[in-house]
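Encoded as structure tokens, the structure appears first; notes follow it.
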Amino acid sequence: MFQQNQQSQNQQAQNLMHIQLNGNTQLGLGALQTINVKPIKLQSRAQSLNPNLRISERNKQTTQTSSNRQNISNKSPNNLQTSKSGGLQTQNANQKLSSSSAPKKISGNFSSRVIYRAKTKNEDEIIKKQSSQTSISTNGQEKKGEIIRFATESQINNENSTPNSKIQLPPIQEKNSYKFYINSQSSNNQVSQDQSPPLQGLQAFNINKNKENQFTKKRHFDFLERTKVKNQSEETDLLKMHRYFRCKVSNLITGSGKKQYYLQYLKDMKDLMTKVKQYERVAKQNLFINDVMNKLKKIVATRAKYKYKEKIDFTRSIIMRTLGYESRQIIQQLKENMALEEQEYEDLEDDADREYEELKKKQEQQALDKNQKKELISSEIIANWKKMRGYQPNQKVFICIGQYTDLKNYLKEQGWIENPNPESLVFDLKWVTKKKDVDKDLLLDQQITNHFQKNHNLTSKNGIALNLRNLIWYDSVDIDTFYPRCFDLSDVQEFEDFIEEFKFTQAESILKQYVENKLVIDQKAKQYEKYLRLKILLACVALKRRTFSIEKKISLISVNTLPIISPEEWSVLNRQDNNYLFLEQNPDVYHRLSQIITREMDSEESNAVDLSKLAQKYLEASKEYDPQYDLNEKNLWIVKPAGLSRGRGIRAFDQLEPLLNYIMGKDVMWVAQKYMENPLTIHKKKFDIRQWVLVTEWNPLTIYFYDTCYIRICFDEYDPSDLQNKFAHLANNCISKHADNFEEKVNDTMMYLEDFVEYIKKIEGKDMFYSKIQKEMMNIAINSIKSCKDSIEPRRNSLELYGYDFMVDQNYNTWLLEINSSPSMEYSTPVTTKLVKMGLEDTAKVIHHHFVEGEKRFNKNIEYGLWKNIYREQK
């Protein structure tokens, strides 16, 4: 039986196909009629395990190959037929296959895999639609095997895929012909390219097959170095690659419709990450496909691991060119004018320089021998220190750096000793404001500290924005329902995602203002009314594309080298309402855009008389699609320095070009976040909620929630038209205290929770805080911390206090703004004077009882003041 299996394998290798079947199977080859097939040798599983057998079989095949190899022409689908027995035949007399080289059955114990070649430009006569199923019978039973044909870029993958294979990789180059492996045993038709013939352009980067194919930072830069744009063709390929990977969670993976729809979609996909792993197994022979998979994983799940970051170069960004933005020229102008704005950004750059200096010093300190460091501190040294000063051996020592008077007082009441030397290594607890003040390499296991390593993944603005996307894998949580979209503008893919999102929200804003009669034509410019109509219809087209299904979006991306909203379309959507001279002076542009509208919209829609009704239709569809629909009105975005706090460097914009001018030429990492344009207000003023959250363990994850909070209110009334007034948009006390007459109105800038609850009851006639807002804050706190569980370094005797900032919209939905490490504990107002004292004392109770007094074993019935346990991970 073993010899029979080997003979059938050798015959199949001579038959121009590379097929492996799982089990004793019969393959009907009739569905492979129009596929260009290139010969490749087959190694059976036995041959791959036995080198001697492999050599002998190679010698046998060498003598047979020249006589048995035949060419198959695929210029016409009529040239190929399927025999009754399932073999492959041709009507061309000069290229007829002999019966010996075309076996009708294949049997053996190996997995099914088929190679066929991508179609070139000249092969445009191929049949557009072919059967996507091949009959495979095993012991008389029928199985279905999927086949995908990558003939041209315009041949869309989902036409030949099963419902379970919704994401397919588009072919990148159509000028070259390559072979593709398709694993028909898989439900998602995994694809990888063969390394023969020699790869070119973006694909000319081979890897060592014996090494794990992990896309490290060094390899990433090597890949970028080898893929520099050398000609227009390669630039097009590179642009396609970037466009395909701009499938961010909100637009493609989780953005296929309402929450219920896409969560069901992910369930049907059997977890996309599993499919990514399946892709990787097939793709180990070629870096390009493996690069596809790694980028997909980065965008969907693990982008927050900073080793994956790809820093953007604005002067070479393709997406900037599509905007018509001359980066080099703008940067030069900004440098020339920097003297005028130098004072405004001096603090930002100084802070960045200090951070770099601190990081450098820390790295130099870490370079010391760890064993040598350990000799500086031990339990015996601490015991001798206590003995020399007359303290009892069981007395605890603490060091506190910062204004934490209430915490110090409570610990002293419990018999703790304060070590006044902040540089000393003798302590049982060290409470500091900055993590750098504690050297983790010098910590004994029993010493307690109030920071975890790598906490920037949770507390930095770019860190939390990226890590929150991990939630789709933990609990299928939709972050768009509680976190305004946020993008890291220093990262290539994030920046491109932001540009596309800005365009979509701009189109949505145009329709909203038109429906509300805020977008009207000047009576003196009635001749431009047709251009306004064009603008409204283009905005409808943009929203239509935004709500495409995942399959259709991938199809659009794979065949189109331009952004989803093209430069010409954006040139109209981005212009001021009454500035239609551009279209009047460029009738060809108007004509092309009119053709796009005719092609992408129904005739009834493109010729609609009532544009308001049409705009309302697309706005309703957008509302169903986007959980953040109500946040947008005038397309306002807020830009923040990623690593700074206390409102430093924050600006709001409603136009793209001023925003880009603001972030360019400054050595600061920026994030752009959607501005909440429908905030709930208190006496016409914006406000946010400061909530304390405490993590005492990461393994198992244990989270406490402080059972009260306080409200921070902006100094001036909310006015979305005045974006330069920080006192109307930022509620930070460090901002408000600089306002005129602050001392007279200081009590108006903060509110107790009890007063806020009563204020809401007067408006709504019922409680909205405890029944809705607080529950949502708890869920957001749990989910945000869970998203960083794999990124933050756990330590048994550490804890950390976080300050969460929330906002509430007019529908009483709660939104996360940011998370602060070492939140301010200053007595800035009467409200904070009372609550800070309570909060620090209760935190000291957690330290004293939970970590010291033998209550390390978790017990949710133990109370630590107002600290309430809301989450305990099950081991």
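A Cβ is built for glycine as well, from the same backbone N, Cα and C atoms used for every other residue.
Keep in mind that this is a model prediction, so the values were computed, not measured.
Noted in Swiss-Prot for the protein shown:
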{"type": "BINDING", "residues": "GLN673, LYS674, TYR675, MET676, LYS686, ASP688", "note": "ATP binding site"}
{"type": "COMPBIAS", "residues": "61-107", "note": "compositional bias 'Polar residues'"}
{"type": "COMPBIAS", "residues": "129-138", "note": "compositional bias 'Low complexity'"}
{"type": "DOMAIN", "residues": "517-859", "note": "domain 'TTL'"}
{"type": "REGION", "residues": "48-107", "note": "region 'Disordered'"}
{"type": "REGION", "residues": "125-144", "note": "region 'Disordered'"}
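In the three-state DSSP assignment, the secondary structure recorded for LYS686 (ATP binding site) is coil. The Cβ of GLN673 (ATP binding site) lies under 8 Å from the Cβ of LYS461, ALA465, PRO484, ARG485, CYS486, PHE487, TRP637, ILE638, VAL639, LYS640, each on the same chain and at least six residues away in sequence.
Across the residues the record lists as binding ATP (GLN673, LYS674, TYR675, MET676, LYS686, ASP688), the two Cα atoms farthest apart are 17 Å from each other.
Residues within less than 8 Å, Cβ to Cβ, of LYS674 (ATP binding site) and separated from it by at least 6 positions along the same chain comprise PRO484, ARG485, CYS486, THR505, GLN628, LEU631, ASN632, LEU636, TRP637, ILE638.
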